[in-house]
Amino acid sequence: MSEKIRQQEEDYLKSTYHQLQKTQKTLSEWLNETKQSGQTMMSKITEDIKLNVDGISDKLDSFSQIEMKNREIDQYNIKIRNGEVTLDKVNRLLENPYFGKIKVDFLDEEEPESFYIGMHGFSDANNDNLIYDWRSPIAELFYNNEIGPSSYNVRGNTIETSIEERRQFVIEKDKLITYFDTMVSIQDDVLLDALAKDDTKKMRDITVTIQKEQNVIIRDTSTPYMLVNGVAGSGKTSAIMQRIAYLLYNMQDEITSEDVLILSPNKAFIQYVSDVLPSLGEKNPRNMTLLQFAQSYMRRHIESEEHYFKRISKESMSKETEYLRDGQFIHYIKDNVYREFDSSKLFDDITLRDKTIISKEHIKQLFDETPNNSPHVDRVQGVKQRLLSSWNQRLIQQSRTKKIHDQVTSLTEEQQEKYFGHLIQDDSEKSLTRYAEQLLRKKYKKVTQQINRYRWLNQEILFNELFKGFSGVTYQRQMAPITLDEAIAILTITHYYVERLTMPNMRFVLVDEVQDYTPAQLQFLLLLFPKSDFTMVGDENQAIFNTNTPFKAIEALFTSDGKELTTYQLLTSYRSTGAITKAFNELSLSKNATIVPIRPQGEEPVLIQYNELSDINQVVTDILTELNGEKLTIIVKTEDEKALLEHWFDELLDVQVTSINLAKGLEFDNVLLWGASSEHYNDVRDQKILYTAFSRAMNRLYIAYNKNISPLLSYLL
Ligand SMILES: Nc1ncnc2c1ncn2[C@@H]1O[C@H](COP(=O)(O)OP(=O)(O)OP(=O)(O)O)[C@@H](O)[C@H]1O
């Protein structure tokens, strides 16, 4: 029986592979020919256009011809691009044509049908679907991992079916290495095999082994907001990357990667996930940290990532920072847009080389003339328009005066080149006025700039008065580059009181490590992207920064305006061995939910006692000997410790040192947690740091401590 099945599957693979090869050949030839004929077309077009411009006196006719040719070029480029994208998919399928199959009874009179699932859909010349894309509706049945009654969703409609067979394949090109049927194998060997692979510097896609509970997260578009609370290593990041690929495929008529924004925890993480979507044949969307995002809207410098992490890793924060992080402050800013400020201090002179060009009194008068029942931002915009237009008038008037004409005519040739890019050719009155205007605009560029950049509006006053109005205390600025907390408040104030920020209209915003966002940051994102769907993933056990927001509060914040939010919990962990998972499960704060490991038990964590810092040499040498050529990552609690340890291992390629802040979201084969002593780790936050650090390890975990081990780890003794 099984020989017969094998033969059938091999035949299917052979014929599919053959069709793929045929398509690859036809497509490559077509692309080559089209590119060649395209080159001939291009040079002919260039030739034609040149002839037209040289020879035809009626330029309009010539322009419309250029326009037509441009359209031809666009059409040609689209054709080529589509051909290349398809060829790319076929090439990917030639490496691994498909990985799953389901035999589905649609509960009608018809025979059950088989569907093969792969990275992309593929059909032969008769339009018969040989492979279905993993994101197609029917593929949901494969990921449901059920035999017997099962259902799938097509555009909101549920289709009931019965699954007769579910098969997983391991295929390399046209070779069927092996296959497993869900009925006979309880443990998922394909999954275990995928999980046993060593870490790479880059995250891999999980298409072949997406689990049922992850599949729900990838496919659910029923509510605008989704919040996933998943234990360490439960595939939250993997699921959001797969989800983006799913959305781009299923909504290809509505969205492109430009409509998606990923907010990542740190810069290293952005690098770490950057291969996943391209390997699935999709373009990477914009992926940034909140710091980078805020900076892209500000001229002033915001603190560096390193500084930010240092600051949010402190035990405590100032009262002022607490106010800035309060989501209510963002609300307060939004709700006070009709407020009057002390207008005697609100405006500054516009100056040039210490000379007042436009006085603050004049600006104040313009402001007072705007209707005080308009939102502040509209009043400021009104003033700006009037400033620009009166300044413009002033320049035009001045450009007509004899004095400035004289100035123009007395310019040296060098100055003429500098101001006009050529020498003055005509000294008629009209022409001199034109040159004069040009000269004045250059000379007074800084004034126009000041008007456009709101240098005349003292935004510090707006900030200080709003802060005091909300908190009752005066704000004291601490240091030179502004903090991210300040930047979020400043940007919100800018948006409602100065100039509305123009945000790209994101259809989907995906936030990783959402537990590390402050309520103000989340509120800010909601204000900027009111129409976007949010997918937020995180783990309360990894809330190691003083910025964190509890999941209940995130839920409340996102549902406060009546919109729906779906929550999911993930309790299965895929990253670490059973022994390591058990070790960080002990540190979990949610005692009523046990983390389930998928990987085999592996080696128990190893405890190492040391006497002084210099012992690290011997400790690491011993570990490296045991690891026999594998790499080791040392994780420490702070940036300062990282700096201290790093120089010991400058030369050692097999060892890297990282702080827990920067290791967030990443994973490593073997981890040594250095400094797990009682004076270092003793409170709830430390417990979360230990949980986060342990859960970075895939295979081996070493824990080194000086004198006494942290009481939080006594369960390991
Ligand atoms: N279904 C799956 N098939 C194969 N590998 C998986 C699957 N789910 C997760 N993994 C692997 O498990 C590891 C952890 O996944 P991921 O980083 O997405 O988890 P996470 O929940 O974001 O982790 P953390 O919050 O601890 O940073 C990765 O190596 C990922 O490839």
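Cβ coordinates come from backbone N, Cα and C, glycine included.
Automatic prediction, not curation, is the source of TrEMBL annotations.
Per TrEMBL, ATP binding site is recorded for Gly230, Val231, Ala232, Gly233, Ser234, Gly235, Lys236, Thr237. Per TrEMBL, domain 'UvrD-like helicase ATP-binding' is recorded for 209-577.
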### Query
Which chain neighbours of the ATP site, leaving out Gly230, Val231, Ala232, Gly233, Ser234, Gly235, Lys236, Thr237, have a Cβ atom within 8 Å of the mean position of the site's Cβ atoms?
Val537, Asp539, Leu570, Ser573, Tyr574, Arg575
### Message
Long-range neighbours only, meaning 6 or more apart in sequence with Cβ under 8 Å: which ones does Gly235 (ATP binding site) have?
### Response
Ile206, Gln211, Gln214, Leu570, Tyr574
### Task
Could you check what DSSP calls Thr237 (ATP binding site) once collapsed to helix, strand or coil?
helix
### Query
Which is it, of Val231, Ala232: the one of these binding-site residues whose Cβ has the most other Cβ atoms within 10 Å?
Val231
### Query
Mean pLDDT, the domain 'UvrD-like helicase ATP-binding' (209-577)?
94
### Summary
Row Gly230 (ATP binding site), column other C-beta within 10 angstroms, all chains, value 23
